[in-house]
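Positions annotated as Zn(2+) binding site by Swiss-Prot, on the basis of sequence analysis: H181, H185, H191. The active site feature in Swiss-Prot is assigned to E182; the stated evidence is sequence analysis. Per Swiss-Prot, the feature Ca(2+) 1 binding site maps to R260, D263, D292, G294, D297; the stated evidence is similarity to another entry. What Swiss-Prot lists as Ca(2+) 2 binding site is G295, D297, T334, E336, and the listing cites similarity to another entry. Marked as repeat 'Hemolysin-type calcium-binding 1' by Swiss-Prot: 339-356. The repeat 'Hemolysin-type calcium-binding 2' annotation in Swiss-Prot covers 357-374.
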Amino acid sequence: MSLKKKISYSEDVSGSEKANELLKWLQAYIPGKDSNIVVEHEPSKDAAKELIRGDYRWGHQDDDKSKAFQLKYSFLESKPDNMPWHISEFSAFNEAQKAAAKLSIQSWADVANINFVETTDAKEANVTFGFFDVSLTGSYAFAYLPTPEKTQVGTWYNAKSRTFLNNDIDVNGYGRQTFTHEIGHTLGLQHPADYNASDKVSPTYKNSATYFEDSRAYTVMSYFGEKNTGQDFKGIYSSAPLLNDISAIQAVYGANNTIRADDTVYGFNSNTDRDFYTAKDENSKLLFTAWDTGGNDTFDFSGFTQDQRINLNEASFSDVGGLKGNVSIARGVTIENAIGGSGNDVLIGNDAANTLKGGAGDDIIYGGLGADNLWGGEGNDTFVYLSAKESPPLERDWIHDFVSGKDKIDVSLFDLGEAGKGGVKFVREFTGEVGEAVLRYNTVDKVNDFAINLGGEFSYDDFWVKIVGEPILESDFILS
């Protein structure tokens with residue numbers, strides 16, 4: 001689901017410490033907005049399109065993308081007659097290497113409308129896999145791009161390279177990333193710009209990238225580390241297509257619109273059956289872009305102890321499990337729920353009806369648009385609101401575990417419009433003035449009602465949030 005409504009919020013950091021911290025994280029990883037990012041290249045207007053600029057593909061541009069495109073692949077068992085001239089001394093994949101390559105193939109099939117079929121007959125395969133020991137050009141790995149006229153392309157890997165000698169093919173390993181990268185080439189994806197490992201001068205982000213998003217935070221097809229665009233993966237590599245890879249491959253072949261159509265959990269308690277989406281313990285390292293097609297879905301990062309920043313908006317990046325910008329959400333995808341860990345987390349909702357649970361720690365909870373259900377968990381938590389649109393009377397948020405004297409509701413940056421220069425202030429009854437706030441307690445339901453009037457008679461355009469539990473006090477609020 002794309003964001004249909006946008007929240008406008010002030011960039012004037014005159015709010016509370018927590019509200020200003022939220023603003024910082026709403027702008028995280030956005031070039032020109034995030035002060036921690038050095039922008040060496042201008043952002044692309046369509047970075048995904050850059051990956052398919054050569055229009056390399058299987059089939060034709062006008063093929064029906066609603067029908068899955070079938071590709072056969074094979075692991076070579078002997079030296080082929082058409083082995084590239086600059087490599088020699090063929091060797092076959094062992095079973096562990098085959099299994100890793102199949103996981104990379106599966107990761108592309110998960111996001112694109114492509115049906116991969118394995119065949120033992122190499123001659124009928126569209127994509128082949130093989131190793132070599134010697135390269136006249138010093139190649140580590142390479143693959144050939146497809147065209148509508150071709151019937152077969154090969155992917156080749158240097159068996160004597162440190163990556164494969166060390167068998168670094170597990171999830172987050174460089175070998176696994178290499179398989180995913182080279183398979184991307186066989187499907188028609190290029191490097192983000194016109195550089196290659198065979199260039200006389202080794203490519204660098206500064207000298208070879210032509211736009212900001214050319215990093216391994218955005219695409220497995222890049223040569224350049226994620227730190228160039230502000231992220232930090234602490235030495236691990238993506239095992240699956242990332243944000244711009246997914247958009248690019250779907251533009252060519254269409255999307256896989258049936259995968260993960262039910263309620264899906266990513267992270268701890270994952271039901272994805274994908275290792276790169278799964279956290280097993282507090283030492284797990286996650287690196288992925290979530291592609292999801294339906295259901296009521298959850299980012300469960302409850303087992304991590306570090307301070308996390310979890311953003312549920314499409315095309316956004318989250319800091320999870322001690323890494324920076326390591327989790328993102330594909331364009332057009334809605335993840336409804338998030339569960340934080342035991343650190344001091346920031347949870348940011350989208351325009352769906354989110355369920356956000358902070359867990360232990362002093363968390364910042366921001367539901368955004370939609371009728372949200374919010375839990376701070378243990379610790380001193382702050383629920384921030386920036387606009388009446390985030391909890392109008394007909395789509396009210398519910399805060400379920402507020403503890404008076406510990407937790408806070410922060411409206412210090414609440415947008416009251418041009419007429420609300422006086423800020424939010426408590427009154428006994430609404431009189432129609434902008435910024436008037438009323439706090440009521442229902443002793444029967446044990447629910448607090450907090451409302452803000454934007455002017456005139458209180459109506460569906462105003463603000464109303466429900467707070468479950470014991471009576472709360474005006475001192476539990478941070479006003480503008």
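Glycine residues also receive a Cβ, built from the backbone N, Cα and C atoms like all the rest.
Given the structure is predicted, the values throughout are model-derived calculations rather than measurements.
Projection of Swiss-Prot feature records onto the structure.
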| residue | record | DSSP class |
| --- | --- | --- |
| H181 | Zn(2+) binding site | helix |
| H191 | Zn(2+) binding site | coil |
| R260 | Ca(2+) 1 binding site | coil |
| D292 | Ca(2+) 1 binding site | coil |
| D297 | Ca(2+) 1 binding site | coil |
| T334 | Ca(2+) 2 binding site | coil |
At 10 angstroms around each C-beta, which of the binding-site residues H191, R260, G295, T334 has the fewest other C-beta atoms nearby?
G295
Hey, how far is D263 (Ca(2+) 1 binding site) from G295 (Ca(2+) 2 binding site), Cα to Cα, in Å?
4
Cβ-Cβ distance under 8 Å to H181 (Zn(2+) binding site), same chain, at least six residues away:
A141, V220, M221
Determine which residues of this chain, when R260, D263, D292, G294, D297 are set aside, have a Cβ within 8 Å of the centroid of the Ca(2+) 1 site's Cβ atoms, and list them as they appear in the sequence.
A261, D262, T264, T293, G295, N296, I335
For the recorded Ca(2+) 2 site formed by G295, D297, T334, E336, name the remaining residues of the chain with Cβ within 8 Å of the site's Cβ center, in chain order.
D263, T264, D292, G294, N296, T298, I335, N337, A352
Does E182 (active site) have same-chain partners at least 6 apart in sequence with Cβ under 8 Å from its own Cβ, and which are they?
A141, F142, A143, T155, Y157
Listed binding-site residues are H191, G295, E336; which of them have CA atoms within 10 A of the CA of R260 (Ca(2+) 1 binding site)?
G295
Pull out the binding-site residues from the set H185, H191, D292, D297 whose C-alpha sits within 10 Å of the C-alpha of E336 (Ca(2+) 2 binding site).
D297
